[in-house]
Amino acid sequence: MSVRVVARIRPLLKHELDKDTIVTAESTSDDSTKGTPTIVRIPNPKTDSESFSFQFSSVYEQEATQQELFDAEISPTVKHLFNGFDLSIFAHGCTGTGKTHTMRGGKTLADRGVIPRLLSAIYRRCKKVEKDSVGATKVEVTLEYFEIYCDRVYDLFEPPEKRTQSGLPIRDSAKGKTVVVGLTEKPCATLKEFEQLYDQANVNRSTSATKLNAHSSRSHAVLCVKITQTTEDTIRVSRASCIDLAGSEDNRRTDNNKERLVESSAINKSLFVLAQCVDAINKKQARIPYRESKMTRILSLGQNSGLTVMILNLAPTRAYHLDTLASLNFASRTKKIEVAEVENDPIYRAMTKPLAATSSIGGATITRQPLRPLAAAHNANMQEVDKKKQGQKPNKAFSVYSDARKSGSRVSNLPSQNHGVRRIDPHKRPADSSIPTARPTKTFRSADNTSRARQVENGMTKEAIEAMISQRIDEKLAEKALQDTAVSAPALSAELQRRLDDLEQRVEARDDDKSGPGLQFLLMGKQHLARGEEVSALRMFQLALPHFPGNTRLGSKIAKLEESIRSKREALPRPADPVDPVPPATTSPRMAPLPPKRRKAVHADDSTASDDDEFAPANASDHDDSYASDSSFKFKKPARKTTKPAAKKLPIFRDHDASSRSAGPPAPEDQTPRTARLLQIINTRDITQIKALKGVGAKKADAIVNCLVDMDDEEVKDLGMLAMLKGVGGKSVETMRMGLTVEF
Ligand SMILES: Nc1ncnc2c1ncn2[C@@H]1O[C@H](COP(=O)(O)OP(=O)(O)OP(=O)(O)O)[C@@H](O)[C@H]1O
């Protein structure tokens with residue numbers, strides 16, 4: 001089944017009432033019977049006389065209420081959830097378009113969003129199921145809630161002060177699921193309890209005011225609701241995952257400061273990877289780059305099974321024109337993704353006992369299967385479904401191995417579900433049919449202590465029965481794996497598969513390797529490049545270069561970019577040209593890699609300017625815009641700096657010769673004494689020395705030292721790298737540097 005994509009156009013906000021509405025909903029002739037439009041229409045940004053239309057499953061207009069959206073899109077999925085299907089609902093759209101409003105909503109009853117309504121529906125159904133079964137079925141609801149902030153996972157049920165710098169690790173379990181290690185799993189029996197937990201957890205979520213949204217979410221938030229239905233014989237687990245994605249941001253419009261820019265860069269990067277994953281899935285590529293961001297790895301769109309609903313949030317005004325088009329294009333591609341609709345098999349309780357507490361890594365278990373062409377995964381799952389349709393019972397899972405789970409918080413220690421597609425682990429200990437297992441399998445005791453597992457039937461010992469069952473299961477798994485391979489194998493040669501596995505492992509290793517900022521720079525560079533932000537891309541590639549010494553491809557990429565920027569700049573009229581409202585590409589010398597075009601004029605008439613090397617921003621207030629696109633930046637005439645008496649100035653030094661500027665960070669011997677001293681202090685990692693720097697308080701010093709520790713043995717080589725540290729920006733670097741007294 002493909003991902004169901006619905007669009008929702010938010011109403012005009014107070015400050016937009018006089019603005020032009022350009023996004024409209026339209027009905028086709030088929031829609032008139034259904035009542036909901038399915039087309040979004042938006043003008044071509046180049047000419048208003050032309051327009052683009054995008055078709056989705058439904059389109060909700062500005063007046064649509066929370067209730068209407070929930071009743072039509074989410075409510076019908078609740079019964080499937082109780083039938084054992086997983087459900088993923090996610091809100092996508094650029095910043096300020098109403099994702100959080102849609103998912104969480106407001107406080108009044110009418111304003112409640114998808115999540116509280118879903119929980120309300122789940123509790124209602126729990127009661128119904130228990131009542132209908134006259135108490136024979138018990139339903140338990142547990143919650144996990146986490147955010148992915150700057151590509152780090154944090155438990156939202158834990159207060160921020162308990163967070164570790166690196167966040168919670170994520171791992172692939174043996175069953176092909178992506179799990180977050182160490183999440184709190186909260187039992188939650190009533191809606192009231194849920195509201196308290198959810199409200200409290202939302203206080204822990206990272207939000208900030210930006211120019212485009214006063215309460216902008218700076219993280220992707222994932223709420224997992226696990227429903228466990230237990231009868232005397234079976235245990236069935238299903239999950240609803242509700243994901244409020246952070247919004248993509250065009251930093252030309254946000255006026256974001258350094259910290260917001262770092263967040264924004266992480267948000268945009270993960271969304272960019274998500275788009276790449278969607279493209280790769282659509283092109284049926286064998287490798288889907290899930291691992292390039294934690295969000296995509298956890299979301300694993302197209303590899304999770306069950307039902308998936310994506311709500312695309314759109315703002316109606318012209319200010320969002322290009323962003324809206326980008327979102328519409330992305331959503332159009334997403335709707336083509338096929339998701340295997342696989343029901344979670346019940347676990348038969350005969351001879352089983354719950355595993356010892358496991359939930360500490362039970363979190364975020366959105367089912368993910370090994371990387372393989374989607375069609376294969378789909379077909380393989382369908383075979384399983386077909387089998388069920390023919391009335392065959394699934395294999396009884398009498399003895400289930402623990403998913404290497406650690407003891408943790410509590411209950412619901414169920415083995416994982418979704419047996420639709422399984423892969424044989426080549427390292428798995430083969431079942432031994434004749435000898436009772438040397439290492440006792442982890443058997444399950446029934447909850448009522450009658451201990452059926454200990455029964456001895458027909459003279460067979462418990463171990464012999466288990467060994468036999470274990471062998472049967474392994475035979476079945478092997479059969480299934482063979483079928484799977486037969487379906488998926490033709491696409492990949494053994495050699496290619498080996499190389500892909502290799503690559504996967506290397507990427508995996510990199511995930512935990514905090515000394516790999518080079519890769520981060522590369523990725524960010526690619527991201528900027530894809531957005532047409534050449535200057536920012538160039539800067540990122542330059543920052544990446546020292547991490548890949550001798551990489552000729554990177555070198556030539558940098559050279560090409562420099563050339564392209566130079567030629568574009570030369571083609572532009574001068575900024576002073578009165579007829580030209582659009583400025584030259586860059587506003588920040590920090591990001592301006594090309595010496596001849598540097599806005600030296602800022603200092604030209606100020607021979608006593610305090611800036612003694614090239615790092616100093618031309619205009620301290622806008623240095624952070626260096627991340628912004630170079631192509632449509634408005635040229636701001638830099639504020640003239642107050643000239644201080646020359647006598648108090650230190651001699652002017654340049655970190656390195658202008659001609660070498662484009663070739664990356666200056667060599668140590670080219671650095672000014674001040675710069676060298678600053679870097680020396682920073683690299684001591686001594687919090688007292690760092691705190692003594694001008695403009696650095698205890699908090700900032702602590703943040704800097706934390707970042708340095710994260711970089712393992714790597715040193716901060718130049719001011720650009722220093723400015724990239726969390727909590728530091730070009731402005732702070734300049735303040736630190738200028739506060740130093742250096743003897744010459
Ligand atoms: N359907 C709606 N009805 C009324 N107000 C809405 C609606 N959708 C959004 N809004 C309002 O628009 C503003 C932005 O919405 P919201 O914070 O949900 O956006 P967002 O997409 O989550 O942004 P970000 O990605 O920055 O977190 C809020 O003030 C919200 O109340």
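Using the three backbone atoms N, Cα and C, a Cβ is placed for every residue, glycine included.
Model, not experiment: these values are computed from the prediction.
Summarising the annotation, TrEMBL assigns domain 'Kinesin motor' to 2-337. Annotated region 'Disordered' per TrEMBL: 25-44, 401-453, 568-673, in sequence order. Sequence annotations record features per position, and here TrEMBL assigns ATP binding site to GLY93, CYS94, THR95, GLY96, THR97, GLY98, LYS99, THR100. Annotation comment: TrEMBL describes 409-419, 443-453 as compositional bias 'Polar residues'. Summarising the annotation, TrEMBL assigns compositional bias 'Basic and acidic residues' to 422-431. The compositional bias 'Pro residues' feature in TrEMBL is assigned to 575-586. What TrEMBL lists as compositional bias 'Basic residues' is 634-647.
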Summary of DSSP states over the region 'Disordered' (25-44), given as helix, strand and coil counts
4 helix, 7 strand, 9 coil
Structural state of CYS94 (ATP binding site), classified by DSSP into three states:
strand
Beyond the flanks of the region 'Disordered' (25-44) by 6 or more, those residues with Cβ under 8 Å of it:
7, 9, 50-61, 72, 314, 321, 324-325, 328
Going by DSSP, give the three-state secondary structure for THR100 (ATP binding site).
helix
What number of additional C-beta atoms lies within 10 angstroms of the C-beta atom of GLY93 (ATP binding site)?
28
Which ones in the same chain are close to GLY98 (ATP binding site), with CB under 8 Å and 6+ residues apart in sequence?
ARG8, ARG10, ASN313, ALA315
Surrounding CB atoms that lie within 10 Å of the CB of CYS94 (ATP binding site), all protein chains:
24
The predicted model's mean pLDDT over the domain 'Kinesin motor' (2-337) is 84
Counting every protein chain present, what is the number of Cβ atoms, excluding its own, within 10 Å of the Cβ of THR95 (ATP binding site)?
25
Sequence gap of 6 or more, C-beta under 8 Å: which same-chain residues meet both conditions with respect to THR97 (ATP binding site)?
ARG10, GLY247, ASN313, LEU314, ALA315, TYR320, SER327
When you measure from the Cβ of GLY96 (ATP binding site), how many other Cβ atoms are you left with inside 10 Å?
25
